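Peer 1: Before I ask anything, let me first share the structure, which is written out below as structure tokens.
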Amino acid sequence: MAGRNYHGYGGGGGGGMSMVVASTPGQELALTNCAYVSSADIRRFPNALALVGDAFVFTLRAHDAVSAGSIALNAIQRRQTKVSAGDSITVSSFAPPDDFKLALLTLELEYTKARTNRNEELDAVVLAQQLRRRFLDQVMTSGQRVPFEFCGTNYIFTVNQALLDGQENSTPLDRGFLSSDTYIIFEAAPNSGIKVVNQKEAASSKLFKHKEFNLEKLGIGGLSAEFTDIFRRAFASRVFPPHVVNKLGIKHVKGILLYGPPGTGKTLMARQIGKLLNGNEPKIVNGPEVLSKFVGETEKNVRDLFADAENDQKTRGDQSDLHVIIFDEIDAICKSRGSTRDGTGVHDSIVNQLLTKIDGVEALNNVLLIGMTNRKDLLDEALLRPGRLEVHIEINLPDENGRLQILQIHTNKMKESSFLSPNVNLQELAARTKNYSGAELEGVVKSAVSYALNRQISMDDLTKPLDEESIKVTMDDFVNALHEITPAFGASTDDLERCRLRGMVDCGKAHRHLYERGMLLVEQVKVSKGSPLVTCLLEGPAGSGKSALAATVGIDSDFAYVKIISAETMIGFSESSKCAQICKVFEDAYKSQFGIIILDDIERLLEYVAIGPRFSNIISQTLLVLLKRVPPKGKNLLVIGTTSEVGFLESIGMCDVFSVTYHVPKLKKEDATKVLRHLNVFDEADIDAAAEALDDMPIKKLYTLVEMAAQGPSGGSAEAVYGGEEKIDINHFFSILSDIIRY
């Protein structure tokens with residue numbers, strides 16, 4: 001047979017010929033889907049198949065009423081090939097390839113003439129048998145419209161899908177022979193009044209515009225698992241015919257709640273779900289838009305959202321289209337009933353109205369609500385139970401593979417346009433952008449592009465012509481962008497560095513041992529499956545280096561999420577506000593696979609005062625609960641606490657909730673010697689004497705004394721001392737030390 005040269009499915013043989021278009025000789029012949037030529041012309045087509053125009057293949061038959069050089073087409077064929085009677089059209093012999101039989105054919109049915117107020121049921125099994133017999137071995141092409149008669153009524157079917165044997169969904173769907181083994185799926189055209197019954201051959205595909213999902217083309221990156229869950233929970237049952245769902249005895253899911261941190265793609269996913277669906281355009285409600293100053297108007301606005309779905313269900317029943325309603329920032333209008341004190345009760349009425357529409361006495365079965373929020377805790381509980389917004393999908397921060405997909409999506413166009421430099425390594429960027437949300441990654445790309453564009457602009461002469469061809473976004477641009485765009489969630493490096501302004505110095509065996517123990521706990525969090533929560537308490541005298549040690553463990557852990565909770569960031573907060581802030585840090589930590597939380601100076605967080613004694617029981621109970629709370633599945637957390645009042649923590653039972661407690665000691669003479677040698681501000685001969693005086697000294701106090709002594713007797717010597725030009729006078733150092741009464 002001839003080779004494939006038209007869309008991969010065979011082609012014309014012997015070149016095309018121009019023929020004059022005529023009308024089909026008789027009305028009964030118009031329902032055969034064949035084209036008619038003269039007896040002389042049909043000899044030019046060995047397979048009796050012709051490619052008419054450039055899109056459709058018709059079976060040819062000879063007819064005496066057709067003159068030589070003419071081809072007779074019915075009205076629908078002429079309309080689809082865009083010709084009129086008397087026009088000329090190119091006709092080529094079509095040679096089908098091997099394996100040209102259709103495995104699956106999806107047809108959309110409608111009346112030839114639109115009929116009002118008429119509902120008719122068509123048996124899918126009987127209709128499929130007749131169509132196979134009537135159009136056997138004819139070529140069916142996607143988009144083709146074919147008239148036919150069934151039980152005395154004329155109909156038209158449109159080919160929505162034509163799938164060959166062994167053909168994958170990802171390959172182009174075009175045409176093939178209708179055989180006796182071809183599965184046929186029938187779909188009624190919208191508002192046609194036709195109802196297909198006894199449809200058992202395959203799942204319905206009319207729910208979606210596309211036959212497959214390519215999330216990257218939709219601009220969705222890193223959310224394939226979440227999208228799969230949404231499809232399984234909310235759409236899988238809707239793909240099957242209604243009679244299958246009725247036999248299963250289940251109801252469709254009517255609501256999805258997308259929740260998670262800002263910028264992770266909740267709104268994007270809801271918008272793209274709406275674009276995927278056939279039929280009605282989604283209604284998008286931006287939270288407070290439904291509110292009105294008039295009494296009862298707010299509830300009416302909610303009812304109006306469901307009006308189209310109600311009318312559709314009344315007229316079409318189970319065949320009605322799916323109506324999607326998207327609520328952005330749903331927490332603004334669906335707060336827990338009784339939580340707002342505005343005196344009007346309008347927020348409670350909104351929740352009540354939604355509940356009755358979704359799952360009331362006359363509940364609709366053709367609606368799907370998609371709500372989005374980053375405050376799931378504010379929503380009314382009744383709205384979240386099965387039958388309402390029952391599918392809860394957390395849209396979390398993307399992992400490394402997800403970040404790579406997002407970066408590829410946002411750099412795809414510049415790569416196609418050759419604006420992306422070859423030295424840009426997206427894999428490396430994905431690895432370096434831990435805890436970046438999708439919106440922040442988009443911000444990184446925009447920032448990198450701004451650097452590239454700025455290089456082409458002369459600030460001295462803004463009228464200078466721009467050279468578009470020389471625009472290149474380089475790896476350096478992305479590195480600069482990473483410094484400019486920082487993640488809202490992640491390691492608070494600046495806060496951690498403030499805990500060790502002088503770096504981390506080797507202070508001897510005791511401190512080195514504690515650091516190694518801390519890194520062992522980090523490793524335990526990484527690999528352990530049985531202990532997702534590890535807690536550690538560092539106790540010791542004030543200034544002994546507890547905070548610096550905890551911060552160093554956090555920085556060296558290379559965890560994506562490291563946060564420090566200290567009293568200095570909550571000055572002026574009420575007790576309840578402090579509790580809320582502490583809870584928020586823990587909740588954010590649960591969003592990362594590995595996280596570290598440092599509770600710095602726990603006694604200060606608890607507002608402890610020795611006289612009394614006095615402390616905040618609310619904050620104490622909050623910490624006790626959170627330190628025992630196991631993180632969600634797949635999330636591991638290390639909590640490091642520091643305190644100078646271990647006796648107080650023992651008295652309130654706080655020490656018992658920590659897995660291990662380590663004592664951070666003051667410096668001994670040999671430890672002080674190491675630190676002084678590292679600082680290199682004393683003469684070698686004076687180091688031992690200075691270290692002897694610093695025995696049992698907290699390291700923070702040591703640094704303070706050295707800095708005071710470095711000023712010199714009359715001041716102004718610090719720059720020379722730290723520059724290595726001078727050394728601290730040992731006698732002046734002892735003089736400074738003698739002024740310190742207590743350390």
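Just so it is clear, glycine is given a Cβ too, placed from its N, Cα and C backbone atoms.
As listed in Swiss-Prot for this protein:
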- ARG502, GLY503, MET504, VAL505, ASP506, CYS507, ALA542, GLY543, SER544, GLY545, LYS546, SER547, ALA548, LEU549: ATP binding site (BINDING)
- SER547: Mg(2+) binding site (BINDING)
Peer 1: Within a 10 Å radius around the Cβ, which one of these binding-site residues has the most neighbouring Cβ atoms: SER544, SER547?
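Peer 2: The largest 10 Å Cβ neighbour count belongs to SER544.
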Peer 1: Indicate whether ASP506 (ATP binding site) is helix, strand or coil by DSSP.
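Peer 2: Looking at the DSSP assignment, ASP506 (ATP binding site) belongs to neither helix nor strand, so coil.
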Peer 1: CB neighbours of ALA542 (ATP binding site) within 10 A?
Peer 2: 13
Peer 1: Over all pairs in ARG502, GLY503, MET504, VAL505, ASP506, CYS507, ALA542, GLY543, SER544, GLY545, LYS546, SER547, ALA548, LEU549, the listed ATP binding residues, work out the largest Cα-Cα distance in Å.
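Peer 2: Farthest-apart Cα atoms in ARG502, GLY503, MET504, VAL505, ASP506, CYS507, ALA542, GLY543, SER544, GLY545, LYS546, SER547, ALA548, LEU549 are separated by 19 Å.
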Peer 1: If you count Cβ atoms within 10 Å of each one, which of the binding-site residues ARG502, LYS546 comes out on top?
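Peer 2: That would be LYS546, with the highest Cβ count within 10 Å.
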Peer 1: Counting Cβ atoms within 10 Å of each candidate's own Cβ, which of the binding-site residues MET504, ALA548 comes out highest?
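Peer 2: Of the binding-site residues MET504, ALA548, the most buried by Cβ count within 10 Å is ALA548.
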Peer 1: So if I measure Cβ to Cβ from ASP506 (ATP binding site) and keep only same-chain residues at least 6 apart in sequence, which ones fall under 8 Å?
Peer 2: ARG512, LYS674, HIS678
Peer 1: Let me know the DSSP-derived helix, strand or coil state of SER547 (Mg(2+) binding site), please.
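Peer 2: The three-state answer is helix.
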